[in-house]
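J.: Provided herewith is a single structure, encoded as structure tokens, for subsequent inquiry.
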Amino acid sequence: MDDQKAKAPAISDPPPNQTLALEKPKKPPRNKYALACATLASMISILSDGAVMSGASVFIQKYLKINDTQVEILAGIINPFALVGSIAAGRTSDWIGRHYTIIFAAAIFLAGALLMGLAPNYAILMVGRLVAGVGIGYALMIAPVYTAEIAPTSSRGFLTSFPEVFINVGILLGYVSNLAFAKLPDHLNWRIMFCVGAVPPIFVAIAVLAMPESPRWLVMQGRLGEAERVLAKTSDTPEEAQLRLLEIKEAAGIPENCNDEVVAESKKNHGEGVWKDLLLRPTPSVRRILIAAIGLQFFQQASGIDSVVLYSPRVFEKAGLKSDSNSLGATVAVGFMKTAAILVATFLLDRVGRRPLLLSSAGGMVISLVILASSLSVIEHHPHEKLTWAAAMSISTVLTFVGSFSIGLGPIAWVYTSEIFPLRLRAQGASLGTATNRIVSGVISMTFISLYKTITIAGSYFFYAGIAAAGWLFFYFFLPETRGRSLEDMEVLFGKKPEGGEEEKVEAEVVHRGGEDSNAKTEV
């Protein structure tokens, strides 16, 4: 009998490594309903028309007989109005909901695309660009926010990267459109390029009608029953759905034990007072979140991606591709590279994490820009020689630059910004990030031609390389990892002291949802 008791611990206490293997939870299958909702919502991002403008501008300049400065203004003016659209989208989505804001964005862009395609002169073309800019601002802000709010924690990075996937699909289709219609007469080719852009908004607006509203917005309006039903469909398990609902109710100030279908006495939130809490009296954690979002969006654009997307035909011309068809063909390769890289990123965001991808991406961009600038500098200093190796190096590094951007900084700027703000501040906080993105994009697109005429095209890319290097330092020292954390936990992550037991609750939540960090599982 005593011998059996002595042997019992050996049976009940397996070695530590065996315990970890037994305790490791099985990762739940991908939620197909959440996947479908994220796909439909993210399709609004396909409306970005930067790639179309890169090819259309060549023919617009010939047909309307406008100068380089007018081309710069035409290309870049869309961004200040995207800024207006993104800020308006934050308040609109708090007022009418995320779902209807997506439909509104599609309607605005549809009007802009038709105005651009049918414009009889430069002035009307500018009006179309302004209207389209507002629609793009709405789309860029609302798609990541809706997707982040509806996605389960286990696949939030994967699903929230979808807007960037569709941005890249739109860029690729724009490049293909440019190549397909380039042979048409100059009075038709650029018009068809823009008019084709009127088709996706119609499809998106119809498809979005089948989507549910964001559960977090529903809770803010006191519609708990609807929110619970949406969470039941979009969560990995029934237990996770209940946990998410409890956290959202706590964030919205609704008692945990309140299970009414509609909270009639709830103070409905339509975005009142948000700007004060964001800009005038932010808590330390909200201030850090705001700096992180604005800094990330600033460096995403200031590193020069639009100089490639919008002006790649000019870059390839400087590299030695003189014909329109050759340079437009090379831009299609840029589109394919961007799209392929973002597809890889979508599968790595929830496995590798945001920080490793972001730092690798920024590092690759710096190296690519330095080599691109060096190659273009050699070509500029030997204008009468055909330097095939330098031309090949220039084209290759353009591809590695956009690939590096799209595997990290491109999607993560939108994923990160949409997930770090507290619930009540999320829509309008994300709109500030989007506004920053559009301001910097506008500056880059409206100054690139003037910049490279002043300091040479090689000097321009050395300049962007310096900004990208500064961005790497900002990411390294300022941005914490968000993989595996719930949206309601972000204030704690960014410095707010948790209330009693909250740290333990957060760790338990990561284990419950199949978080991928084995060390966290061991501690719990």
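For all residues, glycine too, the Cβ spot is worked out from N, Cα and C.
So TrEMBL says this about it:
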type: REGION; residues: 1-27; note: region 'Disordered'
type: TRANSMEM; residues: 33-53; note: transmembrane segment
type: DOMAIN; residues: 34-483; note: domain 'Major facilitator superfamily (MFS) profile'
type: TRANSMEM; residues: 73-90; note: transmembrane segment
type: TRANSMEM; residues: 102-120; note: transmembrane segment
type: TRANSMEM; residues: 126-146; note: transmembrane segment
type: TRANSMEM; residues: 158-176; note: transmembrane segment
type: TRANSMEM; residues: 188-211; note: transmembrane segment
type: TRANSMEM; residues: 330-349; note: transmembrane segment
type: TRANSMEM; residues: 356-379; note: transmembrane segment
type: TRANSMEM; residues: 391-416; note: transmembrane segment
type: TRANSMEM; residues: 437-455; note: transmembrane segment
type: TRANSMEM; residues: 461-479; note: transmembrane segment
type: REGION; residues: 498-524; note: region 'Disordered'
type: COMPBIAS; residues: 507-524; note: compositional bias 'Basic and acidic residues'
J.: Between the transmembrane segment (188-211) and the transmembrane segment (437-455), are there at least three Cβ pairs closer than 8 Å, leaving out pairs fewer than 6 positions apart?
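T.: Contact absent: fewer than 3 Cβ pairs fall under 8 Å.
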J.: By a Cβ-Cβ criterion of under 8 Å, what residues six or more beyond either terminus of the transmembrane segment (158-176) are in contact with it?
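T.: Residues 34-35, 38-39, 41-55, 140, 143-144, 147-148, 150-151, 193, 200, 309, 328, 331-332, 334-336, 338-339, 342-343, 345-347, 349-350, 406, 410-412, 414-415, 418-419.
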J.: Of the stretches 33-53, 73-90, 356-379, 391-416, 461-479, which racks up the most C-beta pairs under 8 Å with the transmembrane segment (437-455)?
T.: 73-90
